[in-house]
Amino acid sequence: MSSAEMGKFDISPDEDSSSYSSNSNDFSYPYPTKPAAMKSHYADMDPENQNFLLDSNVGKKKYETQYHPGTTSFGMSVFNLSNAIVGSGILGLSYAMANTGIALFVILLLVVSILSLYSVHLLLKTANEGGSLLYEQLGMKAFGMPGKLAASGSITMQNIGAMSSYLFIVKYELPLVIKTFMNIEENAGHWYLNGDYLVLLVSVILILPLSLLKNLGYLGYTSGFSLLCMVFFLIVVIWKMFQIPCPMESDIINATLINATLAPFADENITISDACKPEYFIFNSQTVYAVPILTFSFVCHPAILPIYEELKSRSRKRMMNVSYVSFFAMFLMYLLAALFGYLTFYGRVESELLHTYSAFLGADILLLIVRLAVLMAVTLTVPVVIFPIRSSVTQLLWAGKEFSWWRHCSITVVLLAFTNVLVIFVPTIRDIFGFIGASAAAMLIFILPSAFYIKLVKKEPMKSVQKIGAALFFLSGILVMTGCMTLIILDWIHTDASDGH
């Protein structure tokens, strides 16, 4: 895309849009909009100086000004939005299915995808009525500084969660790659096989120098490369399902021992076949992580408005069609990845699917290629995620100040150090998916779009079907966030108590 700056904005009303209401104040915050990891589409700009903000034209009932016309085709917009949706969450979907069952997982996946689409609808309509294509600015117009802080904080948390999940992948996968290259069968205690040390090394040697750049020229390439990596990952997951036998050797050994010691009269085949029997409905202590993992996987909302801005022949209906195609494609991709991963390992799936293969296959050339591709993608993407967080902090604390290398470097080092501490001390990637999915993702999908819609869309009364639907959506978001967070914290407490014994 040739330009990231919008001067003024004019949207011709589509079928379901009417008059535009504008607040009485003008806002001109040069606030950058960047999606989360693997979710950015602006390769030729300085992220520190982006400005998607629209200048309000107060006093007119209809929001009419000049605007930068979109130049991105429908197909490329679908590709960009697919980039914004897909991410590391795909690695945790098989784990979610293993703890919900196939049928319950499909129901939850369908519900979350539909609700996410409804959220996109609310967000686009609110942007039209509120006269802004910036998520944080909608919060400012709706609720003042608290609204802006809520939007900015949610996006920052989501980005930190995404960044942590990518470094978790480095922590999990890089030791396995080194073991394969060095032909080491067992972990002999070498420091270079310790994931914590490797995360620190990668962060200091590769990620930090890239993060200190003022402009990331490779931004667009990273986004496309990451999507290709995930498609390749899906193909390998499907292929390996037909190659890995069930029952596995470990299942046969365990079944033999159990029958020999506990039930010598039992039919051994029943125990072995149970390990390869799919479940359709499962409820256990880990089931609570399914909804946060799914919401984490479908968060793309900070990228919706920038993609809408660049869409050729822009209209809300056309952007919703882009969303339908993208969400349907990602729905199929997520479903296939989760299903074939689950049908390969059943109840033995770990919270990061790629790591599960190493426990059963050891050194495998195809998996090694997948690991290298994924590691390269996440390493190049972490600096992309740091940019919007750093810009957000700069705008909140030092708005209007001239660029300072000292401030630029200090914020970068603090962010990267904080994320490394999380990755080293948080036990599993499941906890990152769960906590961020239940908090920031729930805010971005459920709570904020509905709250902005209720506040900014003035032409519809509160008793209208649209406003009632938005209010129910808001309440469901509160319920999802509080319920999942409560159950996750209780699971953490129970796990700590069990470990203490």
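Glycine too: its Cβ is placed from the backbone N, Cα and C atoms.
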Same-side membrane placement of THR100 and LYS458 in Swiss-Prot: no
Cysteine paired with CYS276, where Swiss-Prot records a disulfide bond, from CYS246, CYS300: CYS246
Record-annotated N-linked glycosylation site (source Swiss-Prot) among candidates ASN254, ASN321: ASN254
Annotated N-linked glycosylation site residue, as Swiss-Prot has it, among ASN259, ASN269: ASN259
Alpha-carbon spacing, ASN83 (Na(+) binding site) to CYS246 (disulfide bond), which is rounded to whole Å: 34
Leading stretch by Cβ pairs under 8 Å, where the reference is the transmembrane segment (78-97) and the options are 104-124, 288-308, 325-345, 409-429, 432-452: 288-308
Assigned element (helix, strand, coil) containing CYS246 (disulfide bond), judged by DSSP: coil
CYS276 (disulfide bond): tally of other CB atoms within 10 A of its CB: 15
Feature contact check the transmembrane segment (325-345) with the transmembrane segment (160-178), CB under 8 Å, 3 or more pairs: no
Interface present between the transmembrane segment (104-124) and the transmembrane segment (325-345) (three or more C-beta pairs under 8 A): yes
Distance [Cα-Cα, Å, rounded] between THR381 (Na(+) binding site) and CYS276 (disulfide bond): 37
ASN83 (Na(+) binding site): tally of other CB atoms within 10 A of its CB: 26
